[in-house]
Amino acid sequence: MRTLALAALALMLTAPAPAHAQAPENPVQENIQIGLSTDRVSITTDFSGADLTIFGALDNADPLVSRQGRYDVIVVLEGPPRPVVVRKKTRVLGMWINTQSETFLNVPVSYSLATSRALQDITYPENYRQMALGSENVTVTPYDRNGDAATITEFTAALRERKRASGLYSERIGGVQFLSQNLFRASLHLAPNVPVGTHRARAFLFKNGAFIKENSAQLVITKAGFEQSIYRYAQTNGLAYGIFAVLLAFLTGWLGRLIFRKD
Amino acid sequence: MGIYLPIAEMSVNMVMLLAMGAAVGFLSGMFGVGGGFLITPLLIFYNIPPAIAVATGANQVVASSVSGALVHLKKGTIDFKLGTVLLAGGVVGSTVGVWVFSLLRSVGQLDLFVSLLYVVLLGTVGALMLVESVRAIQRARGTLPGTAPKATQHNWIHRLPWKMRFRTSKLFVSVIPVIVIGVFIGFLASIMGVGGGFIMVPALIYLLKVPTNVVVGTSLFQIIFTAAYTTIVHSATNQTVDVVLAFLLMVGGVAGAQYGARAGQKLRGEQLRALLALLVLAVAMRLGFDLFVPPSSPYSLSSLSGL
């Protein structure tokens, strides 16, 4: 398990709040910032999952609200969207066979969330639903929009449940910690089977249970040189790749016979 | 020790895979089969996506059969002519198999079809072999009266046209059943990720009456090329061969195979067949169990390409 300390962003922590010339009568709006020191994570041969730390800061935080602990932060790392087929097994002639299926578009491959407090203590469930926040509420679009509503609900729930069971959707309560009144740190987990692609880190700021502001940053997860070369070669030159795999097998079989022969 | 598989896109335990390869290699060396029928289900139990397990299993079979066939090459127990005719059928069967494989994968019934094939074929072959070998053991102990069936009996297969002479096997037989067996094995090889040795060996012995000492070598020779062809076709059409995974299995496998071959020489033929039969039946029952026992969750996810 490695820790990828992905950034300390301490911008504007010491600087005074900038004056908002265009709206002088309004109290200054809080803002949330996150930043990644690297926008790229490489999966190497020994990759077995990793912890990802994202640092962030609040701008223009009200010191009074801060002291009462009424600011809450939720950080989400969302994987690239891909189509997914959910299949359901039912009993046919005593055997469990895939009989029904439902296709969903734009399903985030992974979804990992960290919060500063238990979700129910931050805001109301309907707010989470509206914002599609939390592994229960991830937006998924059924391919067949005119399908039976009950079936779609059932398969949507199954999709989220299977994703959680595989560790690709996870929630870490208390994964966001305030280091000072303005500075916070979010720890997220990258599963060993984390998908490659462009991930999006999003940070949500809540004040007294109300959503204030969101900010996001991109993180590209790629296979490291060797793994990437093999993958790309298999995709683009499947035939040559197959021939190579067979030659490797011949060589291994022949060498194995020479080295380990027992007769 | 973890290692990341570039095609399966997951991290696995390297020592575990080497041990898996070695255990299967030991058994395959002992019984003279490729070991594909063990490695593919093991990979699926280990959460490797079935499509990748099948194609990668075929790649591993190439290595273990090369290793095994070299032993028989030295002893001169390979019938190249018979092997080549079987191979011609194998290429046709394999091509059809890969096509059916893609089709089943797209409709989501690949897992079911592969499991059913395994259960039915392994169950049948295992049961037949067990009965035959137990009778042979009883005969050897003199507890069963009667004589061994005569290998010279002619059946309907020997009345088919287009006869061809296979000198090493001392055989004069029609090419039709030989090609049919080849097609069937090639088809199974591409769908199940197996070399088909566990079917080829009894088919050659009981249907074509090939002498037992030539059967294993010829079967291994033929399987090398069927499995190689299957690997290449899977790689070109489905991109499902994980060469890192295959290499780990091969290294364990070829080492295990040579030790297994030596262990096999210490056992008598019918004892060996009885043990293989039990092993085959155990795999069939384990897979059958999964088909009939309610799964922990009735739902499963797959990407559109089926991986």
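Yeah, the Cβs are placed from backbone N, Cα and C, and that goes for glycine too.
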Annotated stretch (transmembrane segment, per TrEMBL) among the listed ranges B:51-73, B:143-165: B:51-73
Maximum Cβ pairs under 8 Å to the transmembrane segment (B:168-185) - stretch from the list B:51-73, B:85-104, B:110-131, B:215-237, B:243-261: B:85-104
Segment proximity, the transmembrane segment (B:85-104) to the transmembrane segment (B:273-293), 3 or more C-beta pairs under 8 Å: no
For the transmembrane segment (B:12-45), sequence-distant contacts whose Cβ falls under 8 Å of one of its Cβ atoms, 6 or more beyond its ends: 1-3, 5, 52-54, 56-58, 60-61, 64-65, 67-68, 118, 122, 189, 192-198, 201, 216, 219-220, 223, 227, 245, 248-264, 267, 272, 275-276, 279-280, 283, 286-287
Beyond the flanks of the transmembrane segment (B:243-261) by at least 6 residues, Cβ under 8 Å: 3, 5-8, 12, 14, 17-31, 35, 39, 43, 48, 52, 56, 59-60, 63-64, 67-68, 71
